[in-house]
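Take a look at the structure set out below.
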Amino acid sequence: MAEKQLSAVEAELYDRQIRLWGIESQEKLRAANVLLINIRALGSEIAKNILLSGINSLTILDDGTVTEEEQQKNFLLNKGSVGNPIADEVLIKAQALNPLVKIKVDKQPPSSKDSSYFKNFTIIVATCIKTDLLLKIDKVCRSSNVKLIYGDVFGTFGFSVADFLDHNYHEDQIKLAGKKRTHGEKDHEKTTIKVQGVINYPELKKVLILPNTKQSADSIKKSKRRNELFYIMLALMEFRNKNNRNPAIESKEGDLKTLETIKADIFQLYEVDELKTKLPADIFELVFGEEVVPVCSVVGGVIAQEVIKAVSEKEVPVNNIFLFDPITFDGKEEAIGA
Amino acid sequence: MVVTQITKETIGNSKVLVVGAGGIGCEVLKNLALSGFKDIEIIDLDTIDVSNLNRQFLFRKEHVGKPKAVVARESILNYNPDIQIKAYHDSITSQDYGLNFFKKFNIVLNALDNRAARNHVNRMCLAADVPLIESGTSGYSGQVELIKKGVTQCYECQPKPPQRTFPGCTIRNTPSEPVHCIVWAKHLFNQLFGEEDPDQDVSPDTEDPEAKVEGQAHSATNAGNIQRTSTRRWVQDIKYNPSQLFNKFFKEDIEYLLKMENLWKTRKPPVPLSWEQAASHEGDSVEEENNVRMQDMKVWPLSKCAKVFASTIDVLKNEVSEDKFLVWDKDDKPAMDFVTACANIRAHIFSIATKSRFEIKSIAGNIIPAIATANAMIAGLVVLHAFRVLLQEFEKCPSIYLRQKSVHSKFILAADKQITAANPKCYVCSPKPFVNVFVNTNSMTVKEFETEVLKKGLNMIAPDVVLDGRGMVVISSEEGETEINNDKKLAEIGIVEGSILKCDDFLQNYELSVAVNQYEAKEKDDPLYKIVANPDDLKAKESVNGGEKNGNEEEKQAESDQDDLMVVEESDDPQEGSSKRRKLNPIEDNDDDLCIIDS
Ligand SMILES: [Zn+2]
């Protein structure tokens, strides 16, 4: 078991972030055990950022093999790794990012893991998984006090969905204390006030409601001013659930049709008037192709920062969905199911 | 279609310059390489430090001390050996990177950490008509902005908030905040061990206008000023004896200050402290702690400060010699310990809050916190904008701001609705750049005008200046041509109220007309000079005292940016005052070298 307090080496290495989030946050990070499910283009970005932050351990669970395309988009992979297990291939470069973090790899399929496997982590980060598995993991997480965040990138569109349970956090608010000093000059001492907050995250089965499931979408559809990218997110998740893959350029024509059908079902479920949506008609053009690398950089940065917030219980986290707009490049929170 | 997607061919045929291989630079390089860019050049002046490794992920522990540009190139090649990538361990402001260098590129991506270099690249890209994507992060916040000649505003279109400087007499006579004591302690370090700089005097300032008494303008002034010229020799004569040094700076100088009675009419007077009092001060029972939290995060008791004062002097004195002086460095342990001890001793004397070594290091070293996640987000957006720029879709690249999430805002990334047009009165990118400068033509020398106003204030590198109407060359970038003018006052060579100076920087391909206005500083806090870009601002600016402190000479720029003291004003930070979108002045990511004081 590691020492609770930071060593001088760690203090030097993490100096620039300790100055931002404080030493208590850093100590919580160094005690955190993170599970990353699937380490593809987005997963490699998340892994990089959380390894750099100085967690205790990272377990990489991925049963995939390296493809030519994957090799080109994942900086943790080397040339010549095509055909080998991804989890094995990323290990050397991942470890080099931060030798202080314990990294384990697991090449079994995530779906083969029983519930007890997921209970041993501080937080689980999932990418590229199907919704039923995600909901199953969420159920385990909720019973074992493990936080969960899921995210994906399709083309230039990306998002994340979090379940941080009943999340207590604090943030520092800086106040200029204009206290008068005895000699009449203002002392512009800054004082930092700790402000506490709590967010009660809904369980994911009340957040990710797809057509043909037993869950009622009633609580969700009432909301006005919905960020309509939420429906695009659901459509892409449903596409993968049904087709066991992402939309692909090779089968673009057929995939577009499938996506439009799914979208129509989702609009029906959520009682969205297609004519009134502001989504561009060709929005699905943007989701084809592999994960676009700079979008993974953006979304991977957002998800890793949420992991850091969840672990350190510092700063306001996203509640509960993050949507990256592939047209404007806005990145917004959308509260669903609360 | 809403977005034209960029093709592999367009990316593969584009030549990109990345300026800076720090936090954002590493992320940008990775994104470029993974996106299929094949022709990249990278320039960075810096070498790798341990504190970079929490985010500059192309570097590892064994690279510490090596040039960033070179190691970044090796790391990228290690990922993909087929990329053409050229590295320069150099300053982008060097004469070697002229217009023809910039014209080679389809796009320039800035990943810089200081304003002077940003201003320079801005001008080079305007002159070469190459699109520039400017970016920066500071803690949780960041920003991405396209700069394209004739389409968007330039980096210098909007005046940037001045960096905070402090009047000399506040530092020397009447400190009221911890930062004043920290600046003083750094000056003391330079007085004892560094290159001598008369502007960093630490002894009482007898010229303080506040201290003057009616009828006896220069009563007790001489002693201080004589001492001032010979500090170093005296220190050597007493062989850096710690207790004598202590008594001089913390007892005798303070007693001297107390004699300047006017200063203490409304302030709490300082309390002189002798070596003996400090060394035996109560609270010394604290044992030396080995862990960081105790050593760095706790405020040292006074007796420990005295002990550290003495022990660091013993170390540092052996490092200086006749021909070698020290440059203060926050990462040099004895130098940082010395400043911590001295700042807190002085704070104690003036009843100012004392600080931990950790906090003092932030202020003295001007450290901007930096994290991997913010850099990754910003670098992703930089390359997404680069795709659109290469498709000539400039209007689809409005500025984007990364902000810390708050309960009041749904936005994490907030993009402007449209691109921002240039300021028609910008003194850099308008067709006929023009600026008003306020100086005292009777006291400012030509040399001061060149270094302070033209180089530091207006960011020129090697200006040639002709006095309009008379056709007289007053400043030349050619060596030996105008040195004769250096020590002359501006008025002596005919530069007076109403004069127009044609200033030309050949490297930046930049011609600026400077209108000279006579101005005399009235208050002790008044700046040495003022620069006013928009004549409409003249009235407003004049009434807001201190709004333009660029010229304040008190906190002068040292040799490197590295340690300069610059306090980022709260208002720069978009995270505060959550509802309004505020432009942040991207400082950098790279803390360490940050901050050129614009003075
Ligand atoms: Zn401009």
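Along the chain as shown, residues are numbered 1 onward.
Placement of Cβ uses the backbone N, Cα and C atoms for every residue, glycine included.
Lifted from TrEMBL, the feature list:
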- B:C169: active site, glycyl thioester intermediate (ACT_SITE)
- B:20-25, B:D44, B:52-55, B:K68, B:91-92, B:113-118: ATP binding site (BINDING)
- B:C154, B:C157, B:C426, B:C429: Zn(2+) binding site (BINDING)
- B:550-559: compositional bias 'Basic and acidic residues' (COMPBIAS)
- B:9-426: domain 'THIF-type NAD/FAD binding fold' (DOMAIN)
- B:195-228: region 'Disordered' (REGION)
- B:539-599: region 'Disordered' (REGION)
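Residues within less than 8 Å, Cβ to Cβ, of B:C157 (Zn(2+) binding site) and separated from it by at least 6 positions along the same chain comprise B:T420, B:A422, B:N423, B:C426, B:V428, B:C429.
For ligand 1, the recorded positions lying close by, meaning a CB under 6 A from one of its atoms, are B:C154, B:C157, B:C426, B:C429; the full candidate list was B:S91, B:C154, B:C157, B:C169, B:C426, B:C429. It is 40 Å from the Cα atom of B:N54 (ATP binding site) to that of B:C169 (active site, glycyl thioester intermediate).
Comparing B:N114 (ATP binding site) with B:C169 (active site, glycyl thioester intermediate), their Cα atoms are 28 Å apart once rounded. For the pair formed by B:G23 (ATP binding site) and the residue listed as 'active site, glycyl thioester intermediate', distance between Cα atoms is given as 38 Å, rounded to the nearest Å.
Cα spacing between B:D44 (ATP binding site) and B:C169 (active site, glycyl thioester intermediate): 38 Å, rounded to the nearest whole number. Using a cut-off of under 8 A between C-beta atoms, the recorded positions B:D44, B:N54, B:C157, B:C169 that neighbour chain A are B:N54. The average pLDDT computed over the domain 'THIF-type NAD/FAD binding fold' (B:9-426) stands at 91. Geometry remark: B:C169 (active site, glycyl thioester intermediate) versus B:C154 (Zn(2+) binding site), CA distance 37 Å.
The shortest Cα-Cα distance between B:C154 (Zn(2+) binding site) and any of the binding-site residues B:G20, B:S91, B:A117 is the one to B:A117. Around B:G23 (ATP binding site), taking its Cβ as the centre, 30 other Cβ atoms fall within 10 Å, counting all chains. A 10 Å cutoff on Cβ-Cβ distances gives B:D44 (ATP binding site) a total of 28 other Cβ atoms nearby, all chains included. For B:A117 (ATP binding site), the number of other Cβ atoms no farther than 10 Å from its own Cβ, over all displayed protein chains, is 21. There are 23 other CB atoms within 10 A of the CB of B:N54 (ATP binding site), with all protein chains counted. Other C-beta atoms found within 10 angstroms of the C-beta of B:C429 (Zn(2+) binding site) number 22, with every protein chain shown included. Mapped onto three states, the DSSP output places B:C429 (Zn(2+) binding site) in coil.
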